[in-house]
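K.L.:
Per TrEMBL, the feature domain 'G-protein coupled receptors family 1 profile' maps to 40-288. Taken from TrEMBL, the feature transmembrane segment applies to 26-51, 58-80, 100-119, 140-160, 196-215, 236-259, 271-290.
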Amino acid sequence: AMGGNHTQPKFILLGITDTPWAQAPLFGLFLLIYVVTLAGNIGLMVLVWVAPSLHTPMYFFLTHLSLADVCYSTVISPKMLTDLLFGNKTISWAGCMTQFHLFALFATAECHLLAAMAYDRHVAVCHPLSYVTAVSPRACWHLVAWSYLVASLSALIYTACTFGGSFCRPRRVDHFFCDAGPVLRLSCSDTHGREVAIFALAAANGLGTAVVILLSYGRVLHAVLAVRSAPSRARAFRTCASHLVSVSVFYGSLFFMYLQPASRHGSRDKVASVFYTVVSPVLNPFIYSLRNKEVKAALGKCRRRILNLC
């Protein structure tokens, strides 16, 4: 290695696959998904902003979920797309660290935002009379601020643990972005303590928020089953089911990646990572909003307003 390389080592991202014929179809697929992710999430944020009927706690949390989705898919997808298109897979040490730090921040924030949304649904269904006070605008801001505060502190610790050692092997990251596991495998200093710290913090963030989500939806389903009217029971069931599908895709793939010992990691990691970095952000706006009457009504109003202007 050259002298300058010790101060600022470069990493090589091996990408999703090194099969030449697969690069172009994957580029097309991931470009389409990324464009739909941006359109769906930014569209939802704008709609909530311009439609007074959507100025409710649920949509307030949804806009922040959409913001987190846009941010962390943008941290990963453009670099992955250029790598697939041009085959230039190098990334600087600072670039690698920044990418991982921002990904960790927004993915952790997403866990806490999903928990806040589950709590909001729980209060709305199980305690409707105290909803206005329990989920006041101030309480909503506190929950969102808490999500970003915990995510910021967690991301600092994850990043320090991942990039705190020295790297002396060929710096080939066997992944399509700079993730903790593949980067730690390149370290030539002892990583056991740092791996334990990452595992413990990921477990606290992931399992802690997952418990809140499961308990909240459990209480919601219990309350729904007590409702006599079949149509409202079916509607609430559909809503809960679709939310839980989204949560399962996100958490299932995250837990697969971060809550298993380092020795167990292998080629399936990339497939699991695609689910929480690419699939989950594109699904969320459709699962959480497009099937709702309020969103459809707001979209209709906006469309009529635009047509009137034209």
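Residue numbers in this text run from 1 along the chain shown.
Glycine residues also receive a Cβ, built from the backbone N, Cα and C atoms like all the rest.
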K.L.:
For the transmembrane segment (271-290) and the transmembrane segment (26-51), decide whether they are in contact, meaning at least 3 CB pairs lie under 8 A, counting pairs 6 or more apart in sequence.
P.N.:
yes
K.L.:
Is the count of Cβ pairs under 8 Å between the transmembrane segment (236-259) and the transmembrane segment (100-119), pairs 6 or more apart in sequence, 3 or more?
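P.N.:
Answer yes, regions in contact.
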K.L.:
Which stretch from 58-80, 100-119, 140-160 shares the most C-beta pairs under 8 Å with the transmembrane segment (196-215)?
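P.N.:
Comparing 58-80, 100-119, 140-160: 100-119 has the most Cβ pairs near the transmembrane segment (196-215).
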